[in-house]
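S.K.: I'd like to ask some things about the structure below.
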Amino acid sequence: MKHVKAVIFDWAGTVVDYGSLAPMGAFVETFEQFGVSITIDEARGPMGMAKRPHIAALMALPRVAQAWADKYGHAPGEADIDAVYDVFVPKNIAVAASYSSVIPGVADVASALRSDDIRIGTTTGYTREIMAEIVPGAAAQGFSPDSIVCTGDTPEGRPSPYMIYKTLPELGVWRAKDAIKVDDTEVGIEEGINGGTWAVGVAVSGNAFGMAENDVKALAPHEFAWRRKAATEKLKAAGAHYVIDSVADLMPVVYDIEARLARGERP
């Protein structure tokens, strides 16, 4: 393509791990180990952030902070966040490979992008240790990006644009408007907006829907419709220029953005 130069994907819930399920059990188990219960819905709230800020956000929830204070006699502080994080990371690493299945359609879209001379980048809220468990399996299934930028590679994670700014030069792209960020989380969409890229939300395969593929397929049509509408509205409220069900639906959006850039439009 002449105008679109790069697509930057998130990982969990966008290209692997349908429903973004891997971190959820790890978060719940970790807090349970400290004698504080959290729900899956609570755990999902800050998804897309780096994992230590994610834990900090969970511990700042009034109900969780009160439960922590009841258990330990003080409000959660930095040392407590570190303690929870140190327990969480090995749990996430342990399950990551089990949730590295590439989401249907991703490999075909990656091939189509390469056929159009579009570079493929990725950013993630995962650490490099966690990604080491995911990348080989994804590559074997047909998804191997040109760039992977992880939590810890930049001064701040999402919603800051630092990971975008690191990715673009690695892809040889210097105009952010020529890139598309694809993400299933609100902070991931904000990352793209803050970085000056086009932003495409993924509603059904990711965190906003939060269900395994088989469970999604089993939903009654009316329930699927309202869940999809709610997920779409969340991502649009975060600033997404487009919202698709999954990456399998991406190529028509890429062509539309190509046409808009040709007309002189900007994100």
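Counting starts with 1 at the first residue shown.
Glycine residues also receive a Cβ, built from the backbone N, Cα and C atoms like all the rest.
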S.K.: Need a hand: Swiss-Prot gives ASP10, ALA12 for Mg(2+), which of ASP178, ASP184, ASP215 is also on that list?
M.R.: ASP184
S.K.: Can you check which residues sit near ASP184 (Mg(2+) binding site), meaning Cβ under 8 Å from its Cβ, same chain, 6 or more apart in sequence, and list them in order?
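M.R.: In sequence order, ASP10, ALA12, GLY13, THR14, SER20, GLY48, GLY201, VAL202, ALA203, SER205, GLY206, ASN207, ALA208, LEU235 meet the Cβ cut-off.
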S.K.: Just counting, how many other CB atoms are there within 10 A of the CB of LYS51 (active site, schiff-base intermediate with substrate)?
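M.R.: That number is 23.
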S.K.: Would you count the other CB atoms within 10 A of the CB of ASP10 (active site, nucleophile), including those on all shown protein chains?
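M.R.: So the Cβ neighbour count for ASP10 (active site, nucleophile) comes to 31.
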